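According to Swiss-Prot, the protein has these features:
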- G26, R29, R110, D153, R156, R159, R162: ATP binding site (BINDING)
- G26, R29, R110, D153, R156, R159, R162: CTP binding site (BINDING)
- D39, D41: Mg(2+) binding site (BINDING)
Amino acid sequence: MERFKKASSIIETLKQQGHEAYFVGGSVRDLIIDRPIGDIDIATSALPEEVMAIFPRNVPVGLEHGTVIVVENGEPYEVTTFRTESEYEDFRRPSSVQFVRSLEEDLKRRDFTMNAIAMTEEGKMVDLFAGQEAIQQREIVTVGNAADRFQEDALRMMRGIRFVSTLGFSLEMKTKQAIETYGHLLEHIAIERITVEFEKLLTGTYCVKGLKELVETKLFSHLPYLQMSEERLLKATQYKWDSFETDIEAWAFFLYCIGEEHPSVFLRQWKFSNKKIKDIVAVLLTIRTRKEKDWDTVLLYKTGIHIAEMAERVYEAMIERYDPTSVERVQSMFHALPIQERQEMNVTGNDLLNWANKKPGPWVAEMLQKIEEAIVQGNVVNEKERIREWLQGCNLL
């Protein structure tokens, strides 16, 4: 409750000015579940311009949606006016937002009952839709009619399955049936928004449970490159997913599990950045080599510690060994390398030109590569004169 206490002065100030105000959303849910608290959000009957007048230190980030960031005690908090939404367009966004003075009207537009609980600054719960009961039953239940909620915003179906993965809850029967019925509406949603939810699914503590729900509801059949992947997705549920430390590892393992032969094409369809695609593909390529042989100095040096650590964790999951010392061994080997990157070499192309008395050309880069490999393999000490002597001894100068 300590973090809520820091923000409670905002609620107290709003109430002193004659407005209602409550803590709402995921932070209240996580407090009840006893999970780490994320961002703390506040809902109020005050209109955005009233909030801005009361709190001079503010950032009007989303006035059309009624949201103002208020800075209090050095911390930013989202303060949003109670609102209701009109008909939705394209199954993803409301055609208009109306500000209201009713907490109930605000809460009833939310996706799931566990996310529709408000809390006073004293810690009293305002639970109009049995959200606490759903949490106690470990169930994900829509607020009101599931069909209506999913037709308003089809992304809520992915959010529901994401919560299965992150919380370990189960989909309530009618909620699950509605996902099966309206799953096709997900095709109206921008893939970038789906990717965010799917990544949270893959990195959730209960990822296997989430993937099973993805299959059982048939929602996977409306996702890019997964339309015919039921058996491959079920294969992915046979592994443990709790040893990964990054989203890169989770995606690499997922692509391995489903046997994706063209990972770059798959990831581009999911709108990943070039950097992220490069890292995921690098992990997959490293695993392919790792399956054939153990780490050696050259492989580790060329791979780099960042990719090597991730690849080793994924490899451990693949062979179902889960030995934490394997990554420690990789780290020890890497730190014992004579050099860890080319910039650490104590010789340059100019040195080679001076020693050989030859014109510049491709031979310089080729020679530097040979020296680099020799240093990494321990065949020559990384000192300028020792390198020159080694080159002369190998008749390379």
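From the backbone N, Cα and C atoms, a Cβ is placed for every residue, glycine too.
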Quiz item: How long is the line from the C-alpha of D39 (Mg(2+) binding site) to the C-alpha of D153 (ATP binding site), rounded to the nearest angstrom?
Solution: 22
Quiz item: In angstrom units, rounded to an integer, how far apart are the Cα atoms of D153 (ATP binding site) and D41 (Mg(2+) binding site)?
Solution: 21
Quiz item: Including all protein chains shown, what's the count of other C-beta atoms within 10 A of the C-beta of R162 (ATP binding site)?
Solution: 24
Exercise. Name, in the order they occur in the sequence, the residues of the same chain whose CB lies under 8 A from the CB of R156 (ATP binding site) and which sit 6 or more residues away.
Key: D111, F112, T142, R149, F150
Exercise. With H, G and I counted as helix, E and B as strand and the rest as coil, say where DSSP puts D41 (Mg(2+) binding site).
Key: strand
Quiz prompt | C-alpha spacing of D41 (Mg(2+) binding site) relative to R159 (ATP binding site), in angstrom | solution = 19
Practice problem: Report the member of R29, R110, R159 (the binding-site residues) whose C-beta atom has the most other C-beta atoms within 10 angstroms. | Solution: R29
